[in-house]
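These notes concern the structure reproduced below.
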Amino acid sequence: MANAPKFAGKESREKWGWWYANRFLFWRRLSQLSILAMFLSGPYFGVWILKGNYSGSLLLDTIPLSDPLITAESLAARHLPDALTLIGAAIIVLFYAVLGSKVFCGWVCPLNVVTDCAAWLRRKLGIRQTAKISRGLRYGILVLILLGSSVSGMLLWEWVNPVAALGRAFVFGFGATGWLLLVIFLFDLLIAEHGWCGHLCPIGAAYGVIGAKSLIRIKVIDRAKCDNCMDCYNVCPEAQVLRSPLHGKKDESLLVLSKDCISCGRCIDVCAEKVFKFSTRFDHSGE
């Protein structure tokens with residue numbers, strides 16, 4: 001029997017305890033806050049672990065890390081990035097291409113905390129209506145950004161990039177960034193469920209393409225154990241990725257292979273029947 005969205009995870013907490021039902025959420029928040037702290041430790045305490053912001057940085061003043069989308073924009077705009085930027089982009093692309101689908105979105109992006117809060121409040125308030133927006137729109141926006149940069153010769157996305165703006169806001173003050181975050185929060189809360197991350201964000205679209213063949217995947221252990229409580233669907237920011245592995249035909253894979261999965265592990269947390277686990281794309285046991 002399907003549970004109400006506002007009670008998602010309750011059965012898991014009652015059966016296995018709070019830690020089991022929230023462990024991946026806890027580790028994700030710790031990861032996001034730790035990375036943010038590494039950026040802020042320099043400006044606030046003079047300890048430069050990550051120098052820069054989410055668009056581009058230096059780890060320990062040695063290892064370059066560059067946002068692949070910004071790098072692609074630069075190339076499209078015919079502004080050849082320096083060697084350090086290209087190396088940094090290559091490191092990021094290789095890391096996420098191997099590690100897991102959209103791991104940046106679920107484990108690094110600070111904006112994920114804002115959109116997750118909107119999704120949680122939406123469930124608690126029982127808001128069910130949502131605007132019908134194609135999930136493919138984000139890929140269209142990604143293409144338009146690159147085309148726009150090519151035509152204009154400018155890095156158009158950096159004018160409005162809320163992820164980079166949020167990182168800078170903790171140092172320079174929120175100002176207009178605070179209003180931008182409020183708009184995204186209210187959009188997700190009142191207009192479209194998972195509207196920003198699930199339908200519009202071109203950064204997530206870029207990481208989806210990068211991690212399309214990545215190693216780490218969510219796997220359904222045993223479809224027969226599913227009791228159709230719908231808790232996993234209610235908490236998943238990309239619920240469509242669960243349909244085939246969980247309720248697909250017998251010959252369909254038990255792995256969540258969609259590039260839209262953000263590898264957050266919330267489906268594992270909230271499932272009282274322990275239907276899901278983290279595995280690799282090469283795990284075909286049970287099929």
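Backbone N, Cα and C atoms are what each Cβ position is placed from, and that goes for glycine too.
Here Swiss-Prot flags 1-29, 101-139, 192-287 as topological domain 'Cytoplasmic'. Residues or ranges marked as transmembrane segment by Swiss-Prot: 30-50, 80-100, 140-160, 171-191. Taken from Swiss-Prot, the feature topological domain 'Periplasmic' covers 51-79, 161-170. Residues or ranges marked as domain '4Fe-4S ferredoxin-type 1' by Swiss-Prot on the basis of sequence analysis: 217-247. Residues or ranges marked as [4Fe-4S] cluster 1 binding site by Swiss-Prot on the basis of sequence analysis: C226, C229, C232, C236. Per Swiss-Prot, the feature domain '4Fe-4S ferredoxin-type 2' maps to 252-281; the stated evidence is sequence analysis. What Swiss-Prot records for C261, C264, C267, C271 is [4Fe-4S] cluster 2 binding site.
Positions of Swiss-Prot features highlighted on the structure.
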residue	record	contacts (Cβ under 8 Å, 6+ apart)
C226	[4Fe-4S] cluster 1 binding site	V220, L246, H247, E273, V275
C232	[4Fe-4S] cluster 1 binding site	A239, L242, L246, R266, C267, V270, C271, V275, F276
C236	[4Fe-4S] cluster 1 binding site	L242, C264, R266, C267
C261	[4Fe-4S] cluster 2 binding site	S101, K102, R217, I218, E238, V241
Same-chain residues near the transmembrane segment (80-100), Cβ under 8 Å, at least 6 residues beyond its ends: 56-57, 63-68, 71, 74, 207, 210-211, 213-217, 263
Env. residues of [4Fe-4S] cluster 1 site, Cβ within 8 Å of mean position of C226, C229, C232, C236 Cβ: N228, M230, D231, Y233, N234, L242, L246, C267, V270, C271, V275
Same-chain residues at least 6 beyond the ends of the transmembrane segment (140-160) whose Cβ lies under 8 Å from its Cβ atoms: 55, 69-70, 72-74, 76-79, 180, 200, 202, 205-206
Helix, strand and coil residues within the topological domain 'Periplasmic' (161-170) as assigned by DSSP: 9 helix, 0 strand, 1 coil
DSSP three-state assignment for C226 ([4Fe-4S] cluster 1 binding site): coil
Contact set, same chain, for the topological domain 'Cytoplasmic' (1-29): CB under 8 Å, 6 or more residues outside the stretch: 106-107, 112-113, 123-126, 128, 227-231, 234-235, 264-266, 268-272
Residue counts (helix, strand, coil, in that order) that DSSP gives for the topological domain 'Periplasmic' (51-79): 9 helix, 11 strand, 9 coil
Cβ contacts under 8 Å made by the topological domain 'Cytoplasmic' (101-139) with residues that lie 6+ beyond its boundaries: 4-6, 8, 28-29, 31-32, 35-36, 54, 162-163, 166-167, 181, 184-186, 188-205, 207-209, 211-212, 214, 216-217, 234-235, 237-238, 240, 256, 258-265
Densest Cβ neighbourhood among C264, C271 (binding-site residues), 10 Å radius: C271
[4Fe-4S] cluster 2 site shell beyond C261, C264, C267, C271, criterion: Cβ within 8 Å of Cβ centroid: I218, C232, V235, C236, L242, V256, G265, R266, I268, D269, F276
Other CB atoms within 10 A, centred on C267 ([4Fe-4S] cluster 2 binding site): 26
